[in-house]
Every structure is written in C-alpha cells, then in structure tokens.
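Q: One structure follows; several queries about it will come next.
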Amino acid sequence: MYPIQVIAEDPERTAQAAELATRLQQQMAESPFALVWGEQHLELRKLDEPKLGPVFVDFVEGAVAHRRKFGGGRGQSIAKAVGLKAGANPTVVDATAGLGRDAFVLASLGCQVTMLERHPVVAALLADGLQRAQQDSEIGGWMRERMSLRSGPALENLQQLGFTPDVVYLDPMFPHRQKSALVKKEMRVFQSLVGADLDADALLPAALAVAGKRVVVKRPDYAGYLNEMKPGMSIETKSNRFDVYVISR
C-alpha cells in the first residue's frame, strides 16, 4: 500500500490514530498523504496539494443529504436500475463502495445494502462516516438497520458473502473526463493513492455468479461495457449509464 501518515490533530483522538496506523500497518513516516483525525471526523489530505482540500465521508449533511431529501426518490435512475418499486426493496451488495454515496442513496430508499471496499484507507473513511451517521438522531435508526461495511478485496468478499443478494452493484474507478469540482478533487486524490480497479473486468463474472436477480454496472457514458459483456438493458443519464444484467437461472 502507498505510504500514508496517520495524524491526530485532536489530542483526544491520539489513541484512535495509533490504532488506525497499526491496522493499516503504517509507521509514522513522511508521506504526501495523511489520514487526519480531527474533532469532527477522519479525513484524507494530499499534503503536497493542499488546495484540493480534505476528503471525508458525510452521510448526514452536504451533497448526499441534499440528494436524499430532494434527489427524486424512487424515480432516480439508480433506483430503476436495481429494480426498486412499490413493495420491493432489494438487498444490494455494492462491491465497489468508495465513499458510499450510491449505497447511501439506495439505503435511504429502503434497500438493505452491504458495502465492500478493497482499499483500507477508503474503508477507514467509510467506517468513520458510517459510525457518525448511525449515531445521528434523524437517520441513525435506519442507517443501523440498512447499511453495513466489509473491507478487503472485492473478489474475495463476493465469493465469501454467505448470502445471496438480489442485486450486486458495481461502479469501478474509471478515468472521468467531466465531473463536478468535488468529484474532480476526490478523483485526483483517490487515483494517485488508490490506483485503478485492475480487477474490474473480473468483478462482473463474480457478481453474476452470486447475484439473485441482477447485476448493475455504473459506467461513464463514453465507456465501453465492463468485461466487454453486453447488458440486457441500459438506463442512460446525463453523464452516466447503468448497464443491467438480469439473472436467469
């Protein structure tokens, strides 16, 4: 893994920082990347590009909270792609969770979502955001019921799920051409730290093997099909495409 510093800016977080550094098997060495425990949350910083700002997970406020309240509910393309309809709340495995935005949208609409995240730094950010959201007075109740996280390689996690989800959702990292300033910032930090999803093509057959009803792959509108496998249908949005592979066994 790329070297990363773990820093406790808040003295009360010193023990948590030490535990995280041990878990990540990181010494307190110099690195352009730092996981920083502040008073409010855990955040990732690229120290040699401070203008990029910090990256952290926040399910309670900001863009994801706005989308939960005003994003179109079950009429959203992602909801249609996973098969959300009246009386049907699919169980979903998000095998490429990242910062958990899509998983959160699906959970807020009623899905039971298990997030898988391969990179330990991203998983640490996600775990912190999840814990804070579960303690929130407004959304904590259903967050505890509907969202969970497993860290580790996606392929291994898929093969060792122990249950059959209705849907496996894939959104492998892809070089984005046009994105909002926020995502551009995050992509620059992420791609230099995390790297590309080199096993992305292999994820599709693995997902098809474990999903009960469908596999959904989110792609930029200009990207080819994952693993060059043509889906049964596609749902197009302004800048993305949801390729849907329906399971027939």
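Glycine residues also receive a Cβ, built from the backbone N, Cα and C atoms like all the rest.
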Q: Among Asp48, Asp166, Asp171, which residue shares the S-adenosyl-L-methionine site with Arg101, Asp102, Glu117, Arg118 according to Swiss-Prot?
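A: Between Asp48, Asp166, Asp171, Swiss-Prot records just one in the S-adenosyl-L-methionine site with Arg101, Asp102, Glu117, Arg118, namely Asp171.
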Q: Largest pairwise Cα distance, Å, within the listed S-adenosyl-L-methionine binders Arg101, Asp102, Glu117, Arg118, Asp171?
A: 16
Q: Reduce the DSSP letter at Arg101 (S-adenosyl-L-methionine binding site) to three states and note it down.
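A: SS state of Arg101 (S-adenosyl-L-methionine binding site) = helix.
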Q: If you count Cβ atoms within 10 Å of each one, which of the binding-site residues Asp102, Glu117, Asp171 comes out on top?
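A: Per the Cβ count within 10 Å, the most buried is Glu117.
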Q: Within 10 Å of the Cβ of Arg101 (S-adenosyl-L-methionine binding site), how many other Cβ atoms can be counted across all chains shown?
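A: Total other Cβ atoms inside 10 Å, all chains included: 17.
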Q: Hey, what's the Cβ neighbour count for Arg118 (S-adenosyl-L-methionine binding site) at 10 Å?
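A: Result for Arg118 (S-adenosyl-L-methionine binding site): 20 neighbouring Cβ atoms inside 10 Å.
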